[in-house]
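Features reported for this protein in TrEMBL:
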BINDING   B:Cys79, B:Cys82, B:His83  heme c 1 binding site
DOMAIN    B:211-336  domain 'Cytochrome c'
BINDING   B:Cys224, B:Cys227, B:His228  heme c 2 binding site
Amino acid sequence: MKKTLNFIIISAITIAITACTKKNDPTPVYNPANLASLSVEFDNIVGDRTLTFNNTGSLYTNTAGEKFSISKLQYFISNIKVTSTSGNVYTVNQDSSYFLIKGQDKATRFAKVKVPEGDYAKVTFTIGVDSLRSTMDISKRTGALDPSGTMDDGMYWGWNSGYIFFKLEGNSDVISNDVNGDPTGKKQFKYHIGGFGGYSAPTINNIHTVTIDLTAGGIAKVRKDRQANVHLLVDLMKVFNGSNSFSIAAHPNVMFSEFSTKISANLKELFKHDHTEN
Amino acid sequence: MKKNIFWMVLATFTLFLLACKKETQIKEAVSGFLGFQKPAHFPEPVYKFANNKVTEGGFKLGRALFYEARLSRNNTVSCGSCHIQSSAFTQHGHEVSHGIDDRLGTRNSPPIMNLAWNKAFMWGGGVFDLDLQPIVPITAHEEMDETLENVMAKLRTVPKYPTMFKTAFGTEEITTARFMKALSQFMLMCVSANAKYDKVMRKEAGATFTADEAAGYALFKTKCASCHSEPLFTDNGFHNNGLAPSNIDDQGLYTATLIATDKYKFKAPSLRNLSYTAPYMHDGRFLTLNGVFEHYNSEVQATPNLDPLLQQNGKRGISLSTDDRAKLTAFLKTLDDTELITRQDLSEQ
């Protein structure tokens with residue numbers, strides 16, 4: 001009896017080992033406690049070109065035919081969630097799920113999180129900061145959310161308590177020098193998109209959630225012994241050319257206003273999965 | 001002889017001990033810090049004290065920060081520059097705030113008073129938590145024009161602060177959250193509840209209204225109390241009281257909510273301490289109470305969202321005869337709280 005049992009166990013192990021070597025990479029059993037690292041890379045581009053700042057010698061052109069340069073780009077990515085190929089959904093611990101991506105600081109382009117070992121077919125995230133966190137006690141706003149840290153880069157509206165989710169600034173000659181454009185004559189455009197829905201009364205809500213399907217570009221194989229990286233291209237041209245396309249001349253400054261909801265809807269279209277490095 | 005010396009030493013020692021004991025007792029009595037006390041006739045506060053209990057250390061740190069000019073870019077302006085205790089923590093004599101490099105703001109400095117009961121801050125709302133309010137003046141170009149990051153860096157270099165943060169919060173670390181919470185603790189302690197009105201309401205010995213004050217109180221209850229409700233003398237709500245739009249067309253609450261029905265609504269201010277807080281309204285347009293009365297009496301404008309209370313039976317405004325005004329003034333003066341403007345513990349030390 002004991003012998004047969006031993007035999008079964010040994011053959012089972014052998015089969016398991018050979019199976020391993022054959023397939024070389026089995027999908028680990030889903031275990032929410034067995035965490036490994038995953039990074040999501042936000043690689044900012046402008047249409048067919050790379051993002052460079054203040055490139056006045058070689059301007060970008062939107063579909064309205066307006067030529068422009070970019071001087072500042074920053075946005076919050078938060079609340080990362082992954083869905084495995086077999087349908088398990090894992091939400092990253094919220095306290096470790098806020099990232100400020102700064103165009104000028106390449107080191108900030110990765111959102112690094114811990115998720116269970118597994119194969120993932122979808123990544124979901126929020127552009128901006130969720131309304132719950134936007135109204136939390138100040139002691140819960142640390143790291144990227146510390147108003148003093150983000151403040152310097154102006155990612156917080158003090159007067160209307162709330163984070164600026166997305167900020168794009170630049171210059172274009174199409175901007176007039178009067179009050180409808182830039183009265184300082186610098187021909188600057190400014191898009192500061194925020195608005196978490198209001199604290200006591202509902203107001204504009206520019207929080208959007210994006211889900212990226214990784215199946216075509218390569219699923220993310222998260223294992224303890226390596227670093228899976230989901231490489232996204234973030235096409236800033238879509239800010240102007242998305243479903244709600246608009247001209248810079250007509251809307252050179254958009255901050256806390258109705259029109260910001262049009263731009264924030266375009267933001268959902270910025271993110272495309274390019275490939276995954278496993 | 002030897003024995004005597006022994007007794008002498010013992011006696012002096014005991015004396016010392018007694019003296020010491022007395023001194024500590026006295027100290028305890030002096031610093032009998034009671035924390036935040038809700039006045040008996042006030043409602044429950046709105047501020048979440050569970051997240052920030054007022055302690056003596058926190059309050060003292062908050063006071064030091066409130067009067068700290070390093071909070072401004074060139075170390076010239078403190079919170080106390082625009083919120084002056086003797087003017088019930090307003091900037092007396094300035095229609096709109098006067099900040100760094102003599103830059104002018106667009107709104108009148110409101111009193112720092114009974115903030116624990118505020119649901120929203122600023123004339124036009126926008127800020128929903130007292131702990132987040134200081135970000136606005138510190139970073140506003142025409143107020144203090146500084147960054148929070150820089151303020152923290154400056155405070156770390158002043159020897160007294162790490163110690164004070166330790167007393168208040170347990171370690172010397174200076175963080176945004178601790179900084180804000182300390183400022184809140186100081187501001188929450190600026191409670192105004194000891195005016196004559198309060199004494200009358202609490203039926204304290206000898207406190208009664210004069211005939212004029214009582215008549216004014218009756219008038220107040222029929223004409224003003226729905227927005228300036230007792231005992232805080234504000235309903236904490238936003239209303240359009242019919243002021244003509246200002247030069248800069250300040251639209252008040254609408255700016256923060258973008259809801260059309262919020263246009264020209266401003267927070268109903270408390271009517272406590274009016275003797276010290278002139279000029280009046282969000283842009284300080286009225287220099288005297290009579291100016292305010294005349295507004296309600298004959299100058300109410302039919303701007304969008306004018307409060308229905310100010311347009312009843314086909315008539316705009318609230319009629320106020322000369323006699324009404326005298327009586328109302330007599331009553332409003334019973335809301336002056338000399339304690340708030342003189343309390344030593346709220347002054348710069």
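Keep in mind that glycine also has a Cβ here, set from the backbone N, Cα and C atoms.
Summarised as a single figure, the pLDDT of the domain 'Cytochrome c' (B:211-336) averages 96. A helical conformation is recorded for B:Cys82 (heme c 1 binding site) in the three-state DSSP classification.
Each of B:Phe66, B:Ser78, B:Gly80, B:Ser81, B:Ile84, B:Phe89, B:Gln91, B:Ser109, B:Ile112, B:Pro137 belongs to the same chain as B:Cys79, B:Cys82, B:His83, is absent from that list, and has a C-beta within 8 angstroms of the C-beta centroid marking the heme c 1 site.
In this structure the alpha carbons, written CA, of B:Cys82 (heme c 1 binding site) and B:Cys224 (heme c 2 binding site) are 28 Å apart. Counting only same-chain residues at least 6 apart in sequence, those with a Cβ under 8 Å from the Cβ of B:Cys79 (heme c 1 binding site) are B:Leu65, B:Phe66, B:Tyr67, B:Glu68, B:Leu71, B:Pro134, B:Pro137, B:Leu183. In the domain 'Cytochrome c' (B:211-336), helix, strand and coil residues by DSSP number 51 helix, 14 strand, 61 coil.
Apart from the site residues B:Cys224, B:Cys227, B:His228, the chain places the Cβ of B:Phe220, B:Lys223, B:Ala225, B:Ser226, B:Ser229, B:Phe233, B:Thr234, B:Asp235, B:Ala268, B:Leu271 no farther than 8 Å from the centroid of the site's Cβ atoms, the recorded heme c 2 location. Considering only the binding-site residues B:His83, B:His228, the Cβ with the fewest other Cβ atoms within 10 Å is that of B:His228. The most crowded of the binding-site residues listed here (B:Cys82, B:Cys224, B:Cys227) is B:Cys82, judged by how many other CB atoms sit within 10 Å of its own CB. For the pair formed by B:His228 (heme c 2 binding site) and B:His83 (heme c 1 binding site), distance between Cα atoms is given as 22 Å, rounded to the nearest Å. B:Cys227 (heme c 2 binding site) sits 24 Å from B:His83 (heme c 1 binding site), taking the Cα positions as reference.
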